[in-house]
Structures are given as C-alpha cells and as structure tokens.
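> Below are the features I grabbed from Swiss-Prot:
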- Asn107: N-linked glycosylation site (CARBOHYD)
- Asn138: N-linked glycosylation site (CARBOHYD)
- Asn188: N-linked glycosylation site (CARBOHYD)
- Asn293: N-linked glycosylation site (CARBOHYD)
- Asn356: N-linked glycosylation site (CARBOHYD)
- Asn427: N-linked glycosylation site (CARBOHYD)
- Asn448: N-linked glycosylation site (CARBOHYD)
- Asn462: N-linked glycosylation site (CARBOHYD)
- 1-23: signal peptide (SIGNAL)
Amino acid sequence: MVSPGPVFGIVLLIIARVSRSAGIGFRFASYIDNYMVLQKEPSGAVIWGFGTPGATVTVTLCQGQETIMKKVTSVKEPSNTWMVVLDPMKPGGPFEVMAQQTLGTMNFTLRVHDVLFGDVWLCSGQSNMQMTVSQIFNASKELSDTAAYQSVRIFSVSLIQSEEELDDLTEVDLSWSKPTAGNLGHGNFTYMSAVCWLFGRYLYDTLQYPIGLVSSSWGGTYIEVWSSRRTLKACGVPNTRDERVGQPEIKPMRNECNSEESSCPFRVVPSVRVTGPTRHSVLWNAMIHPLQNMTLKGVVWYQGESNADYNRDLYTCMFPELIEDWRQTFHYGSQGQTDRFFPFGFVQLSSYMLKNSSDYGFPEIRWHQTADFGHVPNPKMPNTFMAVAIDLCDRDSPFGSIHPRDKQTVAYRLHLGARAVAYGEKNLTFQGPLPKKIELLASNGLLNLTYDQEIQVQMQDNKTFEISCCSDRHCKWLPAPVNTFSTQTLILDLNACLGTVVAVRYAWTTWPCEYKQCAVYHTSSMLPAPPFIAQISHRGI
C-alpha cells in the first residue's frame with residue numbers, strides 16, 4: 001500500500017507541470033507590444049496570438065480603471081492561435097490591452113500598455129526605403145525634432161528570409177517604440193526608414209492624431225523576393241532560385257553608348273545594386289506575410305533599382321499584381337478590416353550615376369512603375385499615388401548616387417499623394433503636369449503639347465524632350481528643343497527630323513536633370529512633370 005503523502009506529492013507535481021505547460025505557449029503575436037498603434041475607425045483592430053488548444057482567451061481594452069470593451073474567443077487547432085477584432089475606436093489613447101487565457105481553473109494574463117489608436121502604414125522596399133535619418137540631409141535637425149512627435153510610433157522588422165509563408169515574425173529589429181534620436185539615427189540602413197518616418201511625420205502634422213509606422217525593407221532586392229508565388233505565376237516570371245549576389249549579368253548595350261540606335265550587341269555589366277536575397281518570394285514569406293493579420297491604413301513602397309536590369313519588362317505586370325496580392329492578403333488576414341483596395345503609394349525612381357545615360361534601364365522601370373500609363377491612379381493601378389523623384393539627384397552622396405540624401409522632399413511628395421488619395425482631400429495638387437493632348441503641326445515642323453495643369457518651364461535645353469524619327473524603316477531618337485511655351489502649352493521644334501515623327505518622350509534618361517532643375521514643373525506646387533513616352537498621331541491625341 002502506498003502512503004497518501006507520496007501520492008499527493010506526485011499529483012501536485014503533475015498539476016504544476018500541466019499548469020506551467022498550459023501557459024508557456026500563451027503569447028501575443030510578435031508585433032503586438034507596448035507603445036503600438038492600432039488602426040482607428042472605421043476599421044477594427046485585430047489582436048491575436050498563440051495559446052493552448054481548447055483554452056478560452058478574453059481580450060480586454062482598458063483606459064485607466066475603465067473597461068472599454070471585452071472580446072472572447074478560443075484557441076484554434078492546429079494553428080494554436082487565437083484572434084479577436086476590436087470594435088472601431090476613435091483616434092487617441094493611451095490604452096492598455098489585456099489578454100487572459102483560461103483553461104479549467106488556470107488563468108494566464110498578458111498586458112501591453114501605452115497603446116494608441118490612429119492610422120497604421122506599412123513601409124517596404126529596398127535600400128532607399130531602408131536608409132535611416134542619420135544618412136539624410138540635415139540629419140541632426142531631423143533627429144532633434146523627435147520630442148514633438150511622440151504620437152508617431154515606429155516598428156521595424158528584422159531581415160529574415162523563408163522558403164515558406166510564415167504566420168508570425170521570427171525576429172523583430174525594433175519593437176514598437178516612441179521616436180528618439182537613438183532609434184531613428186541608429187546607423188546606416190538599420191532600424192527605421194527615413195522615408196517612412198518623414199512620411200508619417202508629415203501626415204501627423206496634417207491629421208493631428210497618432211500614426212503607426214511599420215518598416216519592412218531590405219536593400220538590393222528584386223521585386224520578385226517581395227512577391228508571392230501567386231503573383232509571379234500570374235506574370236509568367238521564370239522560377240529561378242539563383243542565389244548569386246553581385247554577379248555579372250548579360251544585358252543589351254546601346255550601340256556606342258548612345259540612345260539613338262535601335263539594335264544593340266550584348267555586354268557583361270556588373271550588377272552592383274543586388275546585395276540582398278535573390279530567391280523568389282523569400283521576403284514576402286518572412287517579412288510581409290507574417291503581418292497579414294494587422295489592420296492597415298495603407299502601404300508606401302520604394303523599390304525598382306534592382307529590377308532595372310533584371311526582369312525589367314515583366315515589372316509592368318509584377319508591380320500591379322504585387323499591389324493586388326498584398327491588398328487581398330491583408331484584407332482577408334485582418335478578417336476584412338483592412339480595406340480591400342487600401343491606398344498604395346510609391347516613389348518613382350530617382351537618378352543614378354552617369355548623366356544623360358539610359359543604359360541602366362531606369363527610364364523603363366519608371367514607366368513600368370505606372371503600368372506604362374505614366375501616371376497614377378490608372379485603370380491597372382486604382383487607389384495608388386506616386387512621388388516623382390527624377391529631380392532629386394545626388395552625385396555626391398557618400399552612399400553612392402543611387403542613394404540620394406534628400407528624403408524630406410520624397411516623403412513630402414508622398415504625403416501629398418496620401419492626403420489626396422487615401423484621405424480624400426479635395427483641391428490638392430499632388431502630382432506634376434502631364435500632356436493631355438499632343439498635336440503634330442507637320443507643316444510648321446512643330447509638336448504642340450497641351451498639359452493638364454499650368455506649367456512652369458524651369459530649364460530649356462535640346463536634350464530633355466526627344467522625338468522618334470523614322471526613315472526607310474529605321475528609327476532613332478533625336479533631340480527636340482523647346483520652341484515656345486505658355487501657361488499650359490509647350491511647343492517642340494522638329495527640324496532635326498528629316499523623316500516621319502512617330503513618338504515623343506520626356507526625361508527618358510537615367511539622369512534627367514540636376515537637383516530640382518528639370519524642365520517642367522507645376523507652377524504653384526513645383527511638383528515635377530513625370531517622364532512620359534507617347535505615340536504621335538497626325539490627327540493629334
């Protein structure tokens with residue numbers, strides 16, 4: 001016969017072990033933490049995490065001693081996850097979020113404090129998005145201004161890659177934080193994106209309520225690594241798994257390095273921009289998909305440099321498809337709380353290296369960033385906005401001319417687009433002028449461009465505008481100097497063409513102009529005209 005003492009001791013030990021094991025797996029998702037910003041009304045914020053299968057989880061939102069709301073759910077198998085959607089909340093705070101897991105008589109409690117409600121924006125892309133405030137112009141002043149923006153909270157995802165879609169982040173680079181000179185200026189390409197921070201700061205200046213900024217970027221990366229397999233399949237992207245970094249690639253070369261020839265030999269060009277992972281979908285899997293349950297206001301994106309010489313012609317499909325896929329994923333992941341067609345902003349590529357060279361494919365990528373429309377929103381890219389950056393060159397950047405340091409102007413132009421597209425602000429100029437009519441005046445040897453806005457011609461040269469001149473089935477691009485201009489029209493001289501003019505293009509080079517000195521701007525906002533290319537009809541278009 002066994003004495004009661006040892007049996008009772010064994011029972012207590014078993015109960016203790018069960019109790020501990022029941023609480024070990026109970027946690028919030030990786031990005032639910034102190035100081036976070038949750039999406040405000042009209043959407044509901046999603047709170048989720050992991051727990052013990054079969055357990056009940058009660059999520060309570062409190063402010064001081066007041067209980068604002070309670071939501072009850074259970075831990076689902078086989079994912080061992082729980083999730084609730086909070087009722088829509090007005091902007092403000094701070095609040096506390098408490099989650100309590102109950103399994104039989106055992107309770108385990110988690111808390112996060114100083115939680116705000118506002119708008120949450122995800123920022124992603126490659127190195128120009130990854131650059132920190134310490135790397136930009138006037139860094140000291142920008143870092144000294146953080147005290148005024150304690151309601152703009154920041155979060156940064158670690159550099160992680162995965163062959164499969166992850167449900168949660170495996171690492172966090174910077175957990176939700178109030179901005180400081182330390183975490184904004186932590187070093188080069190670490191912690192927090194300068195473009196993201198400045199964009200959020202400009203939004204806060206306008207909206208005057210909390211902004212949450214989530215940075216998930218990796219320098220030197222193709223769009224393919226940020227795209228799901230669904231996106232790549234939809235665009236017929238070859239399923240390459242090449243891990244080479246910085247290896248020479250074969251690409252066509254302009255004959256004698258000029259842009260006038262239509263056929264070119266091939267040469268080997270070192271791909272100096274590719275320093276990140278190259279395996280398709282690995283960053284989508286590890287750095288974007290784990291965020292899918294987060295309720296978002298929108299996304300801003302700065303990427304494309306690496307695709308200037310890699311799958312360039314597929315970019316016009318991949319970028320709109322990426323936007324559509326991200327929208328669908330975040331909508332369903334957030335239980336329908338993130339808008340199905342949430343606003344998506346992006347930066348059109350700036351300049352790189354050699355002046356007046358189109359050898360790096362930048363003009364084509366800029367065009368493909370708009371799905372070959374030249375402007376956004378457009379039928380293939382609804383509810384999008386773009387910051388044109390062709391005039392923000394920086395040949396003296398210590399990080400290379402591909403990394404211009406004026407991120408303030410980039411972010412300001414982005415925030416104008418957000419105010420117009422995401423927030424519906426009326427009568428706000430948020431993009432530069434584009435031709436709405438192109439008329440060939442053949443008898444006078446002139447081409448008349450009528451713009452959709454008032455224009456200011458900042459500079460006249462014989463290189464910015466070009467015409468495609470065809471003779472005997474051979475076409476080449478020739479300069480078309482500005483003849484005259486007025487408030488909304490600009491006339492080009494076609495005398496250089498002795499054949500038939502079939503197309504016109506503007507700013508179609510890697511380096512279109514010097515800093516803020518491109519040819520055409522909007523008169524009052526001084527937003528630059530974006531690059532364009534258009535076929536010419538003899539009856540006008």
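One is the number of the first residue shown, and numbering goes on along the chain from there.
Note: Cβ is positioned from N, Cα and C throughout, glycine not excepted.
Keep in mind that this is a model prediction, so the values were computed, not measured.
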> Radius 10 Å, atoms counted are CB only; among the glycosylation sites Asn107, Asn138, Asn448, which position scores highest?
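The largest 10 Å Cβ neighbour count belongs to Asn448.
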> Which one is it: of the glycosylation sites Asn107, Asn138, Asn188, whose Cα lies the shortest distance from the Cα of Asn293 (N-linked glycosylation site)?
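That would be Asn107, nearest by Cα distance.
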> Within 10 angstroms of the C-beta of Asn293 (N-linked glycosylation site), what count of other C-beta atoms is obtained when all protein chains are considered?
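So the Cβ neighbour count for Asn293 (N-linked glycosylation site) comes to 23.
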> If you compare CA-to-CA distances from Asn462 (N-linked glycosylation site) to each of the glycosylation sites Asn107, Asn138, Asn188, Asn427, Asn448, which comes out shortest?
Asn448
> Using only C-alpha positions, which one of Asn138, Asn188, Asn427, Asn448 is spatially nearest Asn107 (N-linked glycosylation site)? These are the glycosylation sites in the record.
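Spatially nearest to Asn107 (N-linked glycosylation site) by Cα position is Asn188.
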> Specify the count of other C-beta atoms within 10 Å of the C-beta of Asn188 (N-linked glycosylation site).
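For Asn188 (N-linked glycosylation site), the 10 Å Cβ neighbour count is 15.
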> Of Asn427, Asn462, which of the glycosylation sites has the most Cβ neighbours inside 10 Å?
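Counting Cβ neighbours within 10 Å, the top one is Asn462.
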> Work out the three-state DSSP category of Asn293 (N-linked glycosylation site).
coil
> Among Asn188, Asn427, Asn448, these being the glycosylation sites, pick the one whose CA is nearest to that of Asn138 (N-linked glycosylation site).
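Looking at Cα distances from Asn138 (N-linked glycosylation site), the smallest one goes to Asn188.
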